[in-house]
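Reviewing the structure listed below.
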Amino acid sequence: MWISLSYACWGISVVLALWMLYDWFKVDTTYSEDVLTSSREGELEAVSEKHRI
Amino acid sequence: MTTTVLEPAIHGDRVSLLRVLGPAHVWALGVGIVLVGEFTGWNFSADKGGALAALIVCWIVGLLYTSVAMIDSEVTSTVAAAGGQYAQAKHIVGPLMAFNVALFLVFAYTMLEVSDAILLGDTIVAKAGVEGLTHNSFIAATIVVLAWLNYRGVLMTLNVNFVITAIAYISIVILFFSVSPWTQGAVLKLNELVTPGNALPYGWIGVIAAFQFGIWYYLGIEGTTQAAEEVRSPARSLPYGTMAGMITLLIAAAMTWYVCASLMPWEYLGITYYPLWDAGKLTGSPLLENLLFIATLLAALASANGCINDAARAWFSLGRDRYLPSWFSAVHPKYRTPYRSILFLLPIALAFAFIADLNQAITFSILSGVLQYTFMSINIMMFRKKWPLGTIRRGYTHPFHPLPAIVLFCLCVVTFFAIFLGFGSQLIAMTIFYFLISLWFHFYRYKFVRRGDQFTMPWPKPQGY
């Protein structure tokens, strides 16, 4: 049973790794680099938190 | 003072991390990373200084981490950004310190993830007892499945962490109450196993040496800050989740020591890889034995899961500020996770898990962690000096300043000495590594950074500038 579990672990790892690579490729070819890297630190904070004491 | 909550950045316009987490997720992240230390790691302090030394460091290191939690809660409730201590260092100390802190974070969490995966693989192999079965497949599955979970979204990742961390924690509570802790002699034999003659076999120097592994009782609780950009209310959730996590861990550490030191002689306790699983076996109950076996696996999973989350956010933040190529700062448009950072760190963790041994990985993780705590003690002093109370809005203000910072700094110095006693060459090698990488950053990489853009907090100018 443990040997079978070990093979199952390899199988799951390969399938999920391939899925992530496929999704990565799909996202990178669908969206522009400007959109994907558009996150900015503190953007929400600057607007939502009014630093008035 | 008015606070208006806005919706997250709109999909298709700008892609940002999702603000979907609450205090329970913060607790799950912090305690999830740490709890594996109760299942293995802390007990090596008994080998260094005896069972009583393991208890002494449990409380003293508990003091260190309580200081860490208080300081972290104050600064993070103000600097609520992914990257946690990295973002704090950038705003309060400066870019070079921030770069180093981010590397401390990535190293500490990646090496801890590697240690967790090795532990999980070894635990399954030990349970199976089948000739020819190796831990490699279990290590690969642990790292890849958890990376996939992190890739798919932070909410599900930390929901899973909450459930498995709670099960692992409850197993410690069940073990504690199953051995009649109020009655010595029935199951527990603390008075026979810890006597005045063997309590501190190496004297007080043994207590100092025990600090190196005493760190494992709480290592990683500061990881809660990495969720700062994804919690709905950072000023409330982060201090609440971090403090609740620290209280939870102090209770778990005390129960763990009491049960284990009352069931195993210090000579064995200090070398076993599975103190709680062994304690379950020693009760003679197959139910407890299996429960603690499963809890050991769950604790390792929860820790690795939280570590992937945190290391990826620290790496992502470096990319976003161009301290590393901005390519790493991509956010998945559907899952809203730093997917490239997760995928980049995945093969690195796998490589270390296959080639490094558990002791080396643990030592690198501890060293990076203690370097980070040393920074935090200096950081809070500068924070209070540059922006005294009343000048900016704080979600939480920690009491007794500067006492926690001084205590933290002193205990870090003692821990460095303890690490030097056990792993002096690794300590020196790592110091040289950080020195060289700092030179690279200062003389080469920093010219790519957009200097004005990296400081994002809408604060007044610091005092004295």
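Along the chain as shown, the residues are counted starting at 1.
Cβ coordinates come from backbone N, Cα and C, glycine included.
Features of the protein shown, as given by TrEMBL:
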{"type": "DOMAIN", "residues": "B:32-429", "note": "domain 'Amino acid permease/ SLC12A'"}
{"type": "TRANSMEM", "residues": "B:24-44", "note": "transmembrane segment"}
{"type": "TRANSMEM", "residues": "B:50-71", "note": "transmembrane segment"}
{"type": "TRANSMEM", "residues": "B:92-112", "note": "transmembrane segment"}
{"type": "TRANSMEM", "residues": "B:132-151", "note": "transmembrane segment"}
{"type": "TRANSMEM", "residues": "B:158-179", "note": "transmembrane segment"}
{"type": "TRANSMEM", "residues": "B:199-219", "note": "transmembrane segment"}
{"type": "TRANSMEM", "residues": "B:240-259", "note": "transmembrane segment"}
{"type": "TRANSMEM", "residues": "B:291-316", "note": "transmembrane segment"}
{"type": "TRANSMEM", "residues": "B:337-356", "note": "transmembrane segment"}
{"type": "TRANSMEM", "residues": "B:362-382", "note": "transmembrane segment"}
{"type": "TRANSMEM", "residues": "B:403-421", "note": "transmembrane segment"}
{"type": "TRANSMEM", "residues": "B:427-444", "note": "transmembrane segment"}
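Sequence-remote contacts of a segment are chain residues at least 6 beyond its ends whose Cβ falls under 8 Å from one of its Cβ atoms, and for the transmembrane segment (B:158-179) they are 21, 24-25, 27-29, 31-32, 35, 38-39, 149, 186-188, 227, 248, 252, 255-256, 258-259, 262-263, 276, 279-280, 283, 285, 288, 291-292, 294-296, 298-299, 301-302, 305-306, 309. Between the transmembrane segment (B:362-382) and the transmembrane segment (B:199-219) there are at least 3 Cβ pairs closer than 8 Å, counting only pairs 6 or more residues apart in sequence, which means the two stretches are in contact. Note on the transmembrane segment (B:132-151): residues 113, 116-118, 120-122, 124-125, 157, 160, 300-301, 304-305, 308-309, 312, 332, 335, 337, 339, 342-343, 346, 349-350, 353-354 of its chain, located 6 or more positions outside it, place their CB under 8 angstroms from a CB of the stretch. Among B:24-44, B:291-316, B:427-444, B:24-44 has the largest number of CB pairs under 8 A with the transmembrane segment (B:199-219). A Cβ distance under 8 Å defines the sequence-distant neighbours of the transmembrane segment (B:427-444), meaning residues of its chain 6+ beyond its ends; these are 96, 99-100, 103, 323, 364, 367-368, 371, 416, 419-420. Looking at which of B:24-44, B:291-316, B:337-356 has the most CB pairs under 8 Å to the transmembrane segment (B:92-112), the answer is the stretch B:291-316.
Highlighted: of the candidate stretches B:240-259, B:291-316, B:337-356, B:240-259 has the greatest count of Cβ pairs under 8 Å to the transmembrane segment (B:50-71). Ranked by number of Cβ pairs under 8 Å to the transmembrane segment (B:240-259), the listed stretches B:24-44, B:291-316, B:337-356 are led by B:24-44.
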